[in-house]
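Some features that TrEMBL has for this protein:
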| type | residues | note |
| --- | --- | --- |
| BINDING | 99, 100, 132, 218, 219, 220, 221, 276 | pyridoxal 5'-phosphate binding site |
| BINDING | 135, 275 | N(2)-acetyl-L-ornithine binding site |
| MOD_RES | 247 | N6-(pyridoxal phosphate)lysine |
Ligand SMILES: *Cc1c(COP(=O)(O)O)cnc(C)c1O
């Protein structure tokens, strides 16, 4: 179908692939091409396409009950919340349909906390450059990427941006008596697979505790086992007060959640927030099935094994193709390559030449976001396809 005939709002530059069916790490296009899918709905289908446990969960629940809204008790919602809290720092959960809504809930929870805590002047939220928190107003203001905020009216009051690695500015922000919270991705996803050093996360916790400032983690992309621990912040041995998650939580079904300690959520009382669809029975049934698989120790062990292999192989590629690959980044299976050639072109060469699907990222990176259950065989295939893409890139750059 031609672009001109499309009735879709033109906000996406879509790859010329018509997808039809998926199975595990494979994506089958309408024209018969089979792709090795290391995008997986952007780090979302963490168990691959059409995982039998998830398919069964959808089928079973679809015949029972889809939606009732949150004016009724939803047993699977209470159960998934309990499972999430059992495996995290959190005491309470609010379910959403997307990552950006989980971020909105986190921002509102933080401001409302200070309001009910007798410090209504604490409204300032500090984010970092290169961050991505979603596309709703609060989320774009928190990340403050100009290409997502420009033209959309005045910048929202109380949102500020810190430069990555500027510790002095961060300290000053935390010491500011009007600061409500710091929002950060422990590993930046869209920004180009940048992990915050563990020591910085621990330092952040100490400083925030000292000044009564809340920490919001956005683990929408880096959570749910992607880094080889269930939550990315576990690597640093510290905990946030509030955390937004989504993407992999439903294994491809739209689910998000805002997790919080009881203390940080103390302003979120009846009427303070809500969602019609959030936490609906269908989503919760799939979420329980997906989270059950993702949180298994075997799943995390497998991620670490494959991630170790990939890291070694990608560093090898960087050594052989220093004219193509500048840097290997990321954590676990949130893997990034900072490139010399344009990342969009490289993605097209991988897709059209090798039938390998990879994602773009900030700072001229490409991201490999395979399903967490990708086999070693498939990971090897991905590396071979990347190697041939690097060869092709070298040829094209020489031409
Ligand atoms: C994808 C993403 C979001 C937004 O999630 P949506 O479901 O697209 O709203 C927020 N934060 C991070 C870190 C993300 O990767």
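Backbone N, Cα and C atoms are what each Cβ position is placed from, and that goes for glycine too.
Quantities reported herein were computed from a predicted structural model and do not represent experimental measurements.
Features per TrEMBL, on structure.
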residue : record                               : DSSP (3 states)
99      : pyridoxal 5'-phosphate binding site  : helix
132     : pyridoxal 5'-phosphate binding site  : coil
218     : pyridoxal 5'-phosphate binding site  : strand
247     : N6-(pyridoxal phosphate)lysine       : helix
275     : N(2)-acetyl-L-ornithine binding site : coil
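Sorting the binding-site residues 100, 221, 275, 276 by the number of other Cβ atoms within 10 Å puts 221 first.
Comparing C-alpha positions, residue 219 (pyridoxal 5'-phosphate binding site) sits nearest to 247 among the recorded positions 135, 247, 275. Cα to Cα, residue 132 (pyridoxal 5'-phosphate binding site) and the residue listed as 'N6-(pyridoxal phosphate)lysine' are separated by 13 Å. The sparsest Cβ neighbourhood within 10 Å, among the listed recorded positions (135, 247), is found at 135.
Counting in whole angstrom, residue 220 (pyridoxal 5'-phosphate binding site) lies 18 from residue 275 (N(2)-acetyl-L-ornithine binding site) by their C-alpha atoms. Counting only same-chain residues six or more apart in sequence, the Cβ atoms lying under 8 angstroms from the Cβ of residue 218 (pyridoxal 5'-phosphate binding site) belong to 99, 103, 106, 131, 133, 183, 184, 185, 243, 244. Between the listed binding-site residues, namely 99, 132, 219, 220, the fewest other CB atoms within 10 angstroms of a CB are found at 132. Taking a Cβ cut-off of under 6 Å from any atom of ligand 1, the binding-site residues 219, 220, 221, 275 reduce to 220, 221. Rounded to the nearest whole angstrom, the C-alpha distance between residue 275 (N(2)-acetyl-L-ornithine binding site) and residue 100 (pyridoxal 5'-phosphate binding site) is 13.
Comparing CA positions across the recorded positions 100, 221, 247, the one lying closest to residue 135 (N(2)-acetyl-L-ornithine binding site) turns out to be 100.
Taking the C-alpha positions, the distance from residue 221 (pyridoxal 5'-phosphate binding site) to residue 247 (N6-(pyridoxal phosphate)lysine) comes to 6 Å. In this structure the C-alpha atoms belonging to residue 100 (pyridoxal 5'-phosphate binding site) and the residue listed as 'N6-(pyridoxal phosphate)lysine' are separated by 10 Å. The two recorded residues, residue 276 (pyridoxal 5'-phosphate binding site) and residue 247 (N6-(pyridoxal phosphate)lysine), have Cα atoms 19 Å apart.
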